[in-house]
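Below: the structure, in structure tokens.
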């Protein structure tokens, strides 16, 4: 594995290996017995992804080299590649990068030779592989397998990196992917069937809602009647199958794609997804560092629990 940029890099058995490792880490956390440094380079706002990577790194015993774009040499015209090489030069063992560009990885690769692994924490509208794997873990915990599930992804498909990553991975694992989107929010470059929300509700084993990505629209989308036409209302929620679960990558626009009272409903696994994100990212970091030969099995020790004084 060169850098971890896309879920398409992983075979089905590797995906299951990572989500099973993440599941194991919830109960039996590991720590690394050697000093490692992570450079977290976030060029877009982030709450869940940035914080869960930070917690994952700390749980593994990794030192975090934090980065603030507004106080960095990027303001002086430094390239992404030179910034990454700087982190490598001062001792970072791996980088976690989120960037608004769809092509930032190409910029890194064309810049020269980077000798440490990069983990994609979200690339423009293209991919969000770590979010995808935590979503897969959440489904795996619920159903024991991904194969055969009908997963409806509903919302702003056109601008969603989550939709793309999940659709690819779910298909590889044998699930049936169905999209549902308001007019103008479809992405017809992705070859999946579309249903209306009312049709999709009755099909779904998993209903994954997406917010409208206003920051990627040229003009602000009108949302006053979005919930009633395309979102999850209380009436639609009642039509979900008994075993169906509700997911959302967040941030959530309450009252737009979902009725606010449904965010923590019985079927909702939204906050469980967030919790799973820490352990999936721990597993991904371990997987990537192992692939690069940076860590080995003998570098893992059982994490000591902290005793309150």
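Every residue gets a Cβ built from N, Cα and C, even glycine.
Together with 48, 49, 128, 131, 250, 251, the carbamoyl phosphate site in Swiss-Prot holds one more listed residue from 2, 98, which is 98.
Neighbouring residues of the recorded carbamoyl phosphate site, listed in sequence order and excluding 48, 49, 98, 128, 131, 250, 251, comprise 46, 47, 121, 122, 162, 249 (Cβ within 8 Å of the Cβ centroid). The Cβ of residue 128 (carbamoyl phosphate binding site) lies under 8 Å from the Cβ of 120, 121, 122, 161, 162, 165, 249, each of which sits 6+ residues away along the same chain. For residue 211 (L-aspartate binding site), the nearest neighbour among the listed binding-site residues (48, 49, 98, 250), judged by C-alpha distance, is 250.
The sparsest Cβ neighbourhood within 10 Å, among the listed binding-site residues (48, 211), is found at 48. Residues within less than 8 Å, Cβ to Cβ, of residue 131 (carbamoyl phosphate binding site) and separated from it by at least 6 positions along the same chain comprise 49, 122, 161, 162, 165, 249, 277. Residues 48, 49, 98, 128, 131, 250, 251, recorded as binding carbamoyl phosphate, reach a greatest CA to CA spacing of 16 Å.
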